[in-house]
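Per Swiss-Prot, the features are as follows:
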type    : residues                    : note
BINDING : GLY66, GLY67, ARG88, ASN179 : substrate binding site
SITE    : LYS31                       : site 'Transition state stabilizer'
SITE    : LYS242                      : site 'Transition state stabilizer'
Amino acid sequence: MLQNEVENFANLLEQATVYLAPYQEKIIVVKYGGNAMINEDLKKLVMQDILLLNQLGVKVVLVHGGGPEISQGVKLLGKEPQFINGLRVTDQDTINVVLQMLAGKVNKSLVALLKGKGVGLCGIDANMLQCEKLQAEVDYGFVGEIVKVNTQLLELALSANLIPVISTVGVDDQGVAYNINADTVASEIAMALGAAKLVSMTDIAGLLRDRFDESTLIPEVEVSEVQGLIDQGIIAGGMIPKIACCTDFINAGGIEANIIDGRVPHAILVSLFGGKNGTLFYKK
């Protein structure tokens, strides 16, 4: 490496250290999904960035979904995937696909990209995600809601400087497996671990005043403003539960939560290094 290249690298590393100082030896929970998970090039970049953060002393917990793979598996059974109010209807065949694809294929493919630093887990392991059947006006089948997060296994992995990669399957006290919303899992784990930051990767630019115009991005929202934005219809539909996960985390003591655009290369690093990506939620 030439002298000027060494100097440039040293300067970049110094700048990165300044931005990462608030997160040194702290926990960041990343909910990973959307286009960044489907696009193979973006997927590799995300895993590279998480590896870099790990090497720089940030403790990253990765929570992932796997909607497209699950839908593909359901279609192979001759069924059409069903969704009501944004939640997947999960019958017995579908939960079997979830276990096979989400906790199996998808999880292990991500772990492999972390080059020996990842450890693949699902919520069933060591009763990490204890849940019960979701009670709603609609019967969603094997869809669960979390009643307790057991952090022992996660803490063990983090203390060994490993990156937990968690698929969003939980288990009830009878040993029945349930599919759980990934944003909810990420938020609950972040709260249970006392994480400093929650990051949710999406397929949109962030919270928009006009959902058809990305130039109307709202870069920052103080949590007390959220209800007003709901009343105005700016936060609507699937963004309501996603943002609720962010505000729950912050109100429980988290420093900040980001909804970021996963279509942007190095989206996680951009959000941590002071760049403009997505919407930041915080509390005064």
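The chain as shown is numbered from 1 upward.
From the backbone N, Cα and C atoms, a Cβ is placed for every residue, glycine too.
Highlighted in sequence order, GLY65, ILE70, SER71, THR90, VAL98, LEU102, THR168, ALA182 have their Cβ within 8 Å of the centre of the Cβ atoms of GLY66, GLY67, ARG88, ASN179, the residues recorded for substrate, and are not part of that set. Neighbour counts were taken as the number of other C-beta atoms within 10 angstroms of each residue's C-beta; across the binding-site residues GLY66, GLY67, the minimum falls on GLY67. Rounded to a whole number, the C-alpha distance linking LYS31 (site 'Transition state stabilizer') with ARG88 (substrate binding site) is 18 angstrom. Across the fold, the C-alpha of GLY67 (substrate binding site) and the C-alpha of LYS242 (site 'Transition state stabilizer') stand 16 Å from each other. For the pair formed by LYS242 (site 'Transition state stabilizer') and ASN179 (substrate binding site), distance between Cα atoms is given as 17 Å, rounded to the nearest Å.
Across the residues the record lists as binding substrate (GLY66, GLY67, ARG88, ASN179), the two Cα atoms farthest apart are 12 Å from each other. Other Cβ atoms within 10 Å of the Cβ of LYS242 (site 'Transition state stabilizer'), summed over all protein chains shown, number 21. The Cβ of LYS31 (site 'Transition state stabilizer') has 32 other Cβ atoms within 10 Å, all protein chains considered.
DSSP assigns LYS242 (site 'Transition state stabilizer') to a helical segment in the three-state reduction. DSSP assigns ARG88 (substrate binding site) to a strand.
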